[in-house]
């Protein structure tokens, strides 16, 4: 074996030094190290496994290749231990080859694992460089300066692998250690000066040591200047240090001497500081002793610092820093209490003043009293202490002379936990209380210390559930280093070292956990990060003293809870869920459900980026069935509404939801199921004991609970500013620092009594403080992310654009800039991956917002000063700013332009929003500053354009562009245009008649309102600068008077009209109420109502009065061969009157030349293109040039005669003989009836009535149909319902897996059905709108389903004017009609489904069958009955309106407000809501009379008789 070993040693000569270094690495906690045999065994085994790599030299690249391959192998069960040993040994060899010195095998494995990702990148880069520069030396990663083959040099950055390796060495051995010096000297051989200094600055280490190193470098530089006077060939200090040089310049050959000098200076500085640190007089070694006073310690420290050969700035830094860090724990705590967050910057004199009493006998007694004080009573000191036994202040419960009292039975002598009469608590009601939900852990009187093995050492750690991290003062360097970590707590910000994968052992439980090494920590703490893994929990004793209020929750009436089966999950997800649920059960947050709790909600899980599983619960169905609670908090608090405070503290409540118990009777509805893989065992069912995540009432219950808990405490502390939103608490005060922190600690103790914990690492003391996305500073506030990302021109997806705009909108309270162009870019395709194109205008708009965000800072509210809100017109938006002092805004905002509102109305809307914001945030009414002049706003208010003004307002010179008031309701000098438009004789027409005699009319499609507006538009186009417009449309009249800005109008016709009007000098608009009795309006009404001869196109000419016809124009040059006929389409469409027809005739000039028009009859209703058929009777070709008159159109009167029957008495030779007189005509209809039945499957009665065949024949057709025989209707449900015209019933039914919403009209039996996605209230309300739009119902009956009885549904029914009633619960007779309809519908649907491809088509066919093809006893279908009822209602309404149409009255007119004599009687020409129109017989004028000056009388008797 010895020979074999020596032979193997010769086989790896290149690894001789590496193996020697590897043998110094310890295998475990003891002194046992790896042997040379272990290394050779590993190398030999690797060569045997990977024969393709056997011949390659053992470089670091080969080792990483082997490492990656080993990771991909899966060893057999019996070889796992050897395989792990092989991996560990290889990791040690790799570390030794890279020059690293891990202490243990475990540390080596951690280092290699950490470098895997970086190594892959390095290999890829290395291959590329080797191809370009084959002359590189072996360890090319240490050469940032690369020699080119073509001459010269180039620079490349320091490799990340090298930088990481240097960081690791500095962290493990120290910044000034020999190991770090040796590594830096090796790698920095060809680094530039700038690279050396930058790498040194970024290394982890003591700040004092870095300051000393910098001082030594400055001394070297001063020495160089003294010894080397300036000259042409002498290097300057800047050249040596690389100041003012680019990387390329510094890499050239002429700078080699400068780089070597800089490298030597750095090495000298490292050695000097290292020797200084080991010298007895080193100030960093001067530390305060426990029995030493602070003054004596400072004297020794200052003496040591003054003796150091360093500059004065470094001495000052050492004095300020070491006077705190090297002080004793007692002095540090005293300085923290007195100096607060500025303790690190305080002078030595201030620290001596703070610690003047530390070490005295009185101070020692005070510390002893604090140490003996029971835990959890920090908030009750001195006279504020209160006995929870008798309720009196001044002593504690254990000191009470009245004896302990039981809080269950009220008797003295025993505690509640020992009470024999105590019974099991029942279900809590509203207002009842219970303790915080916790796991069944052992309860102790004070936080205990337990023995934990950390790495290789046993330590006593304090169990602290308020600490998130596990903190130790020293560590054996086992595990994986993860760099520095910042810890924040009451004492300020502290920096420690983070280590992962550290061996932790508590009793028999062993885990791999994370720790933080903090040498200055006064106590070593076991945090919550490792407590749960080790199975340790802690409950403070005083947490049992107060109970959490319970909020009652329940399901909606008639609901039974969710019963949704758990869907299948993969094995991986089941394992992740099991781990989570087991932990929740152990902590007491979930429990095992009893068998009779049948509700179920599905669960699933997702994997987070950290690799851990997160449990999700699908509470959608439970949320639907649960009654809502009011929101206790309606929005986020805003920092602009906070008052400026001297001290602030931000607290975070840990596990907020999981601390509050769920109302016990409700817990049965929260059950969920853990499946068993492959059904190997029964499923395990759980229920929630606490507020679960994802349940809709968790936020409300939490808010109400915290409100009840904190109400009394807040009232007792009026001197503080208190804010809470969910689990974030804000506390601000102007008290002293110690008093402020005392109140914070008191609050922490107070809510801890209810079981709520405040994690120490999430507590923020002092400014800057981060709260709800804001960053609070002493005099201002801003957003945490205070920059917006840049955007560039080019394509961008809608999803990314929405995220950018969302970031901007969140920050609008500091930006206050509108982005109309970017918002318009978001319109169009709503697909998230659809692309938009960013242009320069969008970039400029975005950059303006980014710049504004950089410049703007928010201020705090001062309750002693008034608040002002200033509004102005921005870029298509209203921008406003809220302030108390000019230039110091509390916040700003933007209200984007609202369509169909004038500028003044938009500013008032924004003022309302501003006022509401100020009242909510500060409780004060602001003084509003409006842009423009005061008289303009008063005029707007008087005209009725705005109906609200702020309580306190004034004006300033703003940028609002007031429109000139050129649209008035008075007569202006100029022509008058009477306009009208609408549906006349079934066609849309519009036009105007001017007082100048000008007339215009045209056919056009559109609604009545659109045609009215189009008539006004045409009049505005043709009218002069000054004109009047008269319309009978109140809608159009009021629109014009509002004088809207055309930029904010949605209606395009209205926008065009306002643009034309604003370009006029002055325009008067007038309204007349009707056409009757007003000559001009009657004239325009008749004018556009006439069916006029209208043409479209240029293929016809106007004719003279004496001409017989209209000439038609040839559209283009036409060639007609001899004897041929050609059809020519001309540019003409014509609309004839009802009593006209037309013919196309030949012109005499063409007939003389042998060219004739053939046919050419145009019917009265024809509206298509006119075509002319031409025949060339010549024996040669004829050419008709373009534009030639070649035919004529002649109008003729239309004569219509009715065709009379033949007549029964007429004598003919045939007489009554022949087929057809036998009476058997119905036989021909049987095939038609069979064909129709095969399509729609009607019943026999419908076939009998529709085709006139005998009833027996129709029944034979139905009986011979196989489909109908297989799908016979079931027996009819019996029951009675309310029936009536326009009264409907509605209900859901299910066909296979599809849901159908069915409506049936109770009078006619008409059915309307739609397939829906689900039985939700939102879906039902959408379908209700469709149903109402088609049938205009009056009343509806439904059952008591959640969708039908929801509050939103009731509000919709009330809005539509539908009387909605519900049937009797659980009584099917109350819904008998719609239930019967369900059976009929599904029976017919089953017959028709095979005939259609889509289910929706089959459903529509079913409605045709039941509504149209199904005939009743009188031969009418449900559709016939429904239409007949609607027509009867219309006729009755019309008859009633005609009876009320003709009215008579007496009236009187007023002069200067005084009523005149009564006149009349006269006929009412038009009546409105508040006035009528009559014609004055004396003056022949039309008068508008208010109803108060009218007395209506019955019509004359002769009219009544008629």
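Cβ coordinates are placed from backbone N, Cα and C, and glycine is handled just like the others.
Marked as domain 'Peptidase A2' by Swiss-Prot: 459-530.
Sequence-distant neighbours of residue 728 (Mg(2+) 1 binding site): residues of the same chain at least 6 apart with a C-beta under 8 Å from its C-beta are 650, 651, 652, 653, 771, 772. In the three-state DSSP scheme, residue 728 (Mg(2+) 1 binding site) is classed as strand. If you look up Swiss-Prot, you'll see 652, 727, 728 marked as Mg(2+) 1 binding site, on the strength of sequence analysis.
According to Swiss-Prot, the feature domain 'RNase H type-1' maps to 971-1093.
The Mg(2+) 2 binding site annotation in Swiss-Prot covers 980, 1012, 1032, 1085. Secondary structure from DSSP puts residue 1012 (Mg(2+) 2 binding site) in a helix. Every protein chain considered, the tally of other Cβ atoms within 10 Å of the Cβ of residue 1012 (Mg(2+) 2 binding site) stands at 24.
As annotated by Swiss-Prot, Zn(2+) binding site applies to 1237, 1241, 1265, 1268. DSSP gives residue 1268 (Zn(2+) binding site) a helix state.
Per Swiss-Prot, Mg(2+) 3 binding site is recorded for 1291, 1343, 1379. For the recorded site, residue 1343 (Mg(2+) 3 binding site), the DSSP three-state label reads coil.
Residues annotated as DNA-binding region in Swiss-Prot, with sequence analysis given as evidence: 1447-1499.
Cβ environment of residue 727 (Mg(2+) 1 binding site): 652, 653, 654, 656 lie under 8 Å away, each six or more residues apart in the same chain. Taking 1032, 1343, 1379 as the binding-site residues under consideration, the smallest Cα distance to residue 1268 (Zn(2+) binding site) is found for 1379. When the binding-site residues 652, 980 are compared by the number of other C-beta atoms lying within 10 angstroms of their own C-beta, 652 comes out lowest. Residue 1291 (Mg(2+) 3 binding site) is 47 Å away from residue 980 (Mg(2+) 2 binding site) when you measure Cα to Cα. A distance of 52 Å separates the Cα atom of residue 1343 (Mg(2+) 3 binding site) from that of residue 1085 (Mg(2+) 2 binding site).
Ranking the binding-site residues 1012, 1032, 1085, 1291, 1379 by Cα distance from residue 1241 (Zn(2+) binding site) puts 1379 first. In sequence order, 1302, 1342, 1343, 1345, 1375, 1378, 1379, 1382 make up the list of same-chain residues 6 or more apart from residue 1291 (Mg(2+) 3 binding site) whose Cβ falls under 8 Å from its Cβ.
Looking at residue 1237 (Zn(2+) binding site) and residue 1012 (Mg(2+) 2 binding site), their Cα atoms lie 50 Å from each other.
Under the three-state DSSP scheme, residue 652 (Mg(2+) 1 binding site) falls in the strand class. Same-chain residues that are not part of 652, 727, 728 yet have a Cβ within 8 Å of the Cβ center of the Mg(2+) 1 site turn out to be 650, 651, 653, 656, 725, 726, 729, 762. For the domain 'Peptidase A2' (459-530), the model gives a mean pLDDT of 81. For the recorded site, residue 1032 (Mg(2+) 2 binding site), the DSSP three-state label reads coil. Straight-line distance linking the Cα atoms of residue 1012 (Mg(2+) 2 binding site) and residue 1265 (Zn(2+) binding site), rounded to a whole number, equals 58 Å.
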